[in-house]
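J.: Take this structure, written in structure tokens, and hold onto it; I'll ask about it next.
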Amino acid sequence: MASESAGPAELGFVEAAPSWRLRSEQFPSKVGGRPAWLSAAGLPGPPELACPLCGRPMAFLLQVYAPLPGRADAFHRCLFLFCCRTPPCCCGLRVFRNQLPRQNDFYSYEPPSEDPPSETGESVYLHLKSGAHLCRVCGCSGPKRCSRCHKAHYCSKEHQSLDWRLGHKQACAQTDNLDNIVPDHNFLFPEFEIVIETEDEIMPEVVERDDESEIIGTMGEAHEEELESMAKHESKEDRIFRKFKTKISLEPEQILRYGRGIAPLWISGENTPKEKDIPDCPCGAKRLFEFQVMPQLLNYLKADRLGRSVDWGVLAIFTCAESCKLGIGYTEEFVWKQDITDAA
């Protein structure tokens, strides 16, 4: 996905894909499953991936592969978004950025093959080239390990207990085959590839005109004076939501809008951030908008539960304007959550 977008947004859509296409060496953009980590070193640890509100481990939501043209140190660059899916919280959000030069310790200098590998099994990859171990439940850094087999790794006691109840108790002795017998913990979101299309620059204006014509047409024989009066009384909230609906009506299945430095598409006039609300990067640079997650993604997550569940109107991600290089690890960036208001 290209960065430094000066034109229209790039739109993301979910598609089913074979598991090999969603592995780290393919540099995927994807939703759900386990993270396809970019750098195999310096992963965010359990404290960084704990919900800032309830303290429980967050689930991987999506990642966007977004290298920066002309930046040798960001030839590979990816953003990873996590959310809390534990009722009744379901509020915590965190996003991390990682980037690598083309010549690095983890990947070939040449582009990855488009052909499937000879072995395309469904084994879960729980060990990285750096030697780091991943949690069997969530695929994040797993510094804890089973005290019996010393082979199964976890991010937390909570995930260790969950895995024990759902099968590791019986599989613990089968230490040579643990990666092939990872149960479904009902913790991960469904996994999809994110495919990208560029939004048409002209069509939004056409749709907006059609939208206005439809509104006027449904008013029947209303007098011109009445129409002018209604236009004057249309609230800012109404205009913002109408713009949102008009934009997404072109591609109603879009789950993501990407454009580094463009303006976000808000769903509401309420709870939109001012410049002072977006914290600067620790390096001192300002943060700018990079992409947003649309509410349409919720339709694919199978996250509905009785009581509170994962929900949002817009998740807007702001990243360091300099895309600074702070070591080989993962740098936390900023997420702004805008909920769907009653007015919308």
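For all residues, glycine too, the Cβ spot is worked out from N, Cα and C.
Reproduced below are the annotations present in Swiss-Prot:
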type: BINDING; residues: Cys135, Cys138, Cys155, His159; note: Zn(2+) 1 binding site
type: BINDING; residues: Cys146, Cys149, His168, Cys172; note: Zn(2+) 2 binding site
type: ZN_FING; residues: 135-172; note: zinc finger
J.: My understanding is the cutoff is Cβ-Cβ under 8 Å with a sequence separation of 6 or more in the same chain; which residues meet that for Cys146 (Zn(2+) 2 binding site)?
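T.: In sequence order, the residues whose Cβ lies under 8 Å from that of Cys146 (Zn(2+) 2 binding site) (at least 6 apart) are Ala152, His153, Tyr154, Gln160, His168, Cys172.
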J.: For the C-alpha pair, I'd like the distance in angstrom between Cys135 (Zn(2+) 1 binding site) and Cys149 (Zn(2+) 2 binding site), rounded off.
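T.: Just about 15 Å between their Cα atoms.
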J.: Enumerate the residues of the same chain, Cys135, Cys138, Cys155, His159 excluded, that satisfy the criterion Cβ within 8 A of the mean position of the Cβ atoms of the recorded Zn(2+) 1 site; list them in sequence order.
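T.: What remains near the Cβ centre is Pro46, Pro57, Leu134, Arg136, Val137, Gly139, Cys140, Gly142, Tyr154, Ser156.
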J.: Which chain-mates of Cys155 (Zn(2+) 1 binding site) that are at least 6 residues away have a CB under 8 A from its CB, listed by sequence?
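T.: Sequence-distant Cβ neighbours: Pro46, Leu49, Pro57, Cys135, Val137, Cys138, Cys140, Ser141, Gly142, Pro143, Lys144.
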J.: Taking each of the binding-site residues Cys135, Cys138, Cys149, Cys172 in turn and counting other Cβ atoms within 10 Å of its Cβ, which one has the fewest?
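T.: With the binding-site residues Cys135, Cys138, Cys149, Cys172, fewest surrounding Cβ atoms within 10 Å: Cys149.
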J.: Taking the Cβ of His168 (Zn(2+) 2 binding site) as the centre, how many other Cβ atoms fall within a 10 Å radius?
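T.: His168 (Zn(2+) 2 binding site) is surrounded by 25 other Cβ atoms within 10 Å.
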J.: Average the pLDDT scores across the zinc finger (135-172) and report the rounded value.
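T.: Taking every residue of the zinc finger (135-172) together, the mean pLDDT is 93.
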J.: Around the C-beta of His159 (Zn(2+) 1 binding site), how many further C-beta atoms are within 10 angstroms, looking at every protein chain?
T.: 23
J.: Quick check for the class: what is the C-alpha distance, in angstrom and rounded, between His159 (Zn(2+) 1 binding site) and Cys149 (Zn(2+) 2 binding site)?
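T.: If we compare the Cα positions of His159 (Zn(2+) 1 binding site) and Cys149 (Zn(2+) 2 binding site), the gap is 16 Å.
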J.: Give the residue counts of the zinc finger (135-172) per reduced DSSP state, in the order helix, strand, coil.
T.: 15 helix, 5 strand, 18 coil
